[in-house]
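According to TrEMBL, the protein has these features:
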- 19-83: domain 'DUF7578' (DOMAIN)
- 146-260: domain 'Retrotransposon hot spot protein N-terminal' (DOMAIN)
- 264-327: domain 'Retrotransposon hot spot protein,C-terminal' (DOMAIN)
């Protein structure tokens, strides 16, 4: 299992496995020991209960002694006892607010001393793996590119009705429109709300973001690609959904029910989804830096990491996993 800084304590300790202590005793005896010691009345007994008092469930001394001398018994006994220890320690850490490897890295010595040695060794080893990943490609700072995206300029196109000619005209203006599109909540998503549009008012048709050095999808190419990204009502709608997720995530009381969601842009190939995503990068760079200190942008085999604290952007080669890139950001001394 690959560990990252946000890997939970539970995943480090149990690695996503099914708990063996919840297995049935008779199933274990049947599969591992050819049915030795199977008794019908034990069909509902779990291994965690069996290992507390084996003599209670297998009364024949010779059979029990033979079972306890087997490698299968010793392996399973050790696994069950470890699981019990891990669950006890996971509960202690959760009560102290330590839920993942980041929390473990920041935990006090007193908190770390409160758990068993085996738990500490597992968590310390996982944290060391995060600090010193072995598969991450070399990074390269890209001077001036952070500022180019952060300082991108807005302009917009509005639609103006011509009552005399009964036609529609278009005008281009600098900056963002005074009034953008409006949306209404429908179920779990947002839909454009045209009902609030005043008749005869100038309606925004398109917003444009211009970066002097282009956008990540244009970097490291030999083509002369546009410096603009285009934002229509659907692109903006997707951003509003993501922004609402961030607002909920960073609220003082998000509730245990809320976790950030992955959002997928769906559309016909070739309509410019990578270009539209440039506007989301711009919006995320302008989001509160304390709450969101970095932004990762991945396109194809290229990974870009925007550090909002140092206002720099790095590119990672050799097609590294983005989790490794994030780990290096958190632990630059590794």
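Placement of Cβ uses the backbone N, Cα and C atoms for every residue, glycine included.
Keep in mind that TrEMBL annotations are predicted by a computer and have not been checked by a curator.
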(request) Using DSSP, break the domain 'DUF7578' (19-83) down into helix, strand and coil residues and give each count. (result) 44 helix, 2 strand, 19 coil
(request) Let me know the model's mean pLDDT on the domain 'Retrotransposon hot spot protein N-terminal' (146-260). (result) 79
